[in-house]
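J.: I am attaching a structure below and will ask some questions about it afterwards.
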Amino acid sequence: MSDQKTILRALAGETLPVPPVWMMRQAGRYLPEYRATRAKAGDFLSLCYTPDLAAEVTLQPIRRYGFDAAILFADILLVPQALGADLWFVTGEGPRLSTITSQSDFDALKPVEAIHETLGPVYETVKILSGELPSETTLIGFAGAPWTVATYMIAGRGTPDQGPAHALKAENRALFSALIDRLTAATIEYLSAQVEAGAEVVKIFDSWAGSLNGADFEDFALKPCLEITAALKARHPGLPVIGFPREAGEAYVGFAKATGVDCVALDNSVDAAWAAKHVQVDGCVQGNLASSHMVTGGQALVDETRAIVEAFSKGPHIFNLGHGITPDADPENVALMIETVREGRS
Ligand SMILES: Cc1c2[nH]c(c1CCC(=O)O)Cc1[nH]c(c(CCC(=O)O)c1C)Cc1[nH]c(c(CCC(=O)O)c1C)Cc1[nH]c(c(C)c1CCC(=O)O)C2
């Protein structure tokens, strides 16, 4: 048991003396070596689809910091692209996609079986990584949750309130549900192929789960996550799954039981002591330091890191940020965070 990787032990429900640690967006623009490799690739999507370079940026934060997990370098919006949507990134603004607002837009999408044609290079990246990562480092694959991915496909871009997706849901429930179902099926195939290529854990990012309420949360956050998790575990017995229903608030309570995920990732809008009591009772949790500490550093970073480690110390915990690290973060603050998490380790 104890020779198992720390992340896998925490995901299996073990309370460790020091929590394993990794960071969302750990391969990213705050690192000079990432910026250099991205410049070599030319643009963000070329970086995602060039296996040698995608593997290289995934490994950079592992070499620099010795994180306990590496997360595949890719993006949640590659799935819509693989289903036939146009996708491009506007520098300084974010993603743009062709929109899905009518039945004919939906009918033009490709069938689920076609996704591997586009996503083949991602599986190749996973294969390279599973050969190159240090033996103690866990490889995490990921995909966006259907609701979050649908919000980008419907609006054609990121939106502050996911208004266009909520509008389609209200106006044409059948079309909206068909899109969710297509994404659910595609996500199962995509994550399954990542596992076959060597991913040891998968994480489902539902970044906009917080804008779903009541029955909508059940239908479009819980149900797709349950379907994906059940299908993956049926195909790959014992596969650990992390769910991230960001800003779910009170709905974090019971999320693991309702979906079958092994670990619930928490954003930093929930109090760690509250989450230990109400969420960690059901199993492993991940989180939840505010990513702003990676910009500001200092004693506040140390104090808050210690407080989170302490709050979750009575149960299984993976230390992480509450959301991705931002480009203006100082790499020295990341080192300070890791050192603080591990200070009790002998
Ligand atoms: C909503 C979402 C996206 N992508 C993702 C989400 C869900 C998590 C979240 O809420 O942040 C997930 C994601 N995106 C990326 C990863 C790689 C793994 C990791 O290091 O965590 C992961 C897991 C790389 C990326 N994805 C993106 C970058 C920056 C691109 C660059 O290098 O210019 C990276 C490193 C681009 C991206 N991709 C997306 C947006 C909105 C943007 C633009 C915003 C920005 O510029 O930060 C869509």
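Cβ coordinates are placed from backbone N, Cα and C, and glycine is handled just like the others.
Automated prediction, rather than curation, is the source of TrEMBL annotations.
Predicted, not measured: the structure shown is a model, and the values here were computed from it.
Pulled the feature table from TrEMBL, pasting it below:
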DOMAIN    20-29  domain 'Uroporphyrinogen decarboxylase (URO-D)'
BINDING   Arg25, Gln26, Ala27, Gly28, Arg29, Asp75, Tyr152, Ser207, His323  substrate binding site
SITE      Asp75  site 'Transition state stabilizer'
DOMAIN    140-156  domain 'Uroporphyrinogen decarboxylase (URO-D)'
J.: Check the DSSP secondary structure of Asp75 (site 'Transition state stabilizer'), expressed as helix, strand or coil.
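T.: Its secondary structure by DSSP: coil.
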J.: Other than its close neighbours in sequence, what residues sit by the domain 'Uroporphyrinogen decarboxylase (URO-D)' (140-156), given a CB gap under 8 Å and a spacing of at least six beyond its ends?
T.: 7, 22, 69-72, 74, 76-77, 79-80, 85, 95-101, 126, 162-165, 168, 176, 179-180, 183-184, 187, 190-191, 194-195, 199-209, 212, 220-221, 224-225, 228, 242, 245
J.: Residues sitting near the domain 'Uroporphyrinogen decarboxylase (URO-D)' (20-29): Cβ under 8 Å, six or more positions beyond its termini, same chain?
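T.: Sequence-distant neighbours of the domain 'Uroporphyrinogen decarboxylase (URO-D)' (20-29): 6-7, 10, 35, 38, 57-58, 60-61, 65, 67-71, 73, 138, 140, 291, 318-321, 323-327, 334, 337-338, 341-342.
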J.: Suppose we draw a 10 Å sphere around the Cβ of Ala27 (substrate binding site). How many other Cβ atoms does it contain, all chains included?
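T.: The answer is 25 other Cβ atoms.
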J.: Where does Tyr152 (substrate binding site) sit in the DSSP three-state scheme?
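T.: For Tyr152 (substrate binding site) - judged by DSSP and reduced to three states - the answer is helix.
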J.: Rank the binding-site residues Arg25, Arg29, His323 by how many other Cβ atoms lie within 10 Å of each Cβ and give me the one with the fewest.
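T.: So among Arg25, Arg29, His323, the binding-site residues given, the one with the fewest Cβ atoms within 10 Å is Arg29.
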J.: Greatest CA-CA distance (Å) over the residues Arg25, Gln26, Ala27, Gly28, Arg29, Asp75, Tyr152, Ser207, His323 that the record ties to substrate?
T.: 23
J.: By a 10 A CB contact count over all chains shown, which of the recorded positions listed here is most packed: Asp75, Tyr152?
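T.: For the recorded positions Asp75, Tyr152, the Cβ with the most other Cβ atoms within 10 Å is Tyr152.
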J.: Can you check how the pLDDT averages out over the domain 'Uroporphyrinogen decarboxylase (URO-D)' (140-156)?
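T.: Per the prediction, mean pLDDT sits at 98 for the domain 'Uroporphyrinogen decarboxylase (URO-D)' (140-156).
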J.: Tally of helix, strand and coil residues over the domain 'Uroporphyrinogen decarboxylase (URO-D)' (20-29) according to DSSP?
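T.: Summed by class, the stretch gives 0 helix, 1 strand, 9 coil.
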J.: Whole-number Å only: compute the distance from the Cα of Arg29 (substrate binding site) to the Cα of Asp75 (site 'Transition state stabilizer').
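T.: Given the Cα positions, Arg29 (substrate binding site) is 14 Å from Asp75 (site 'Transition state stabilizer').
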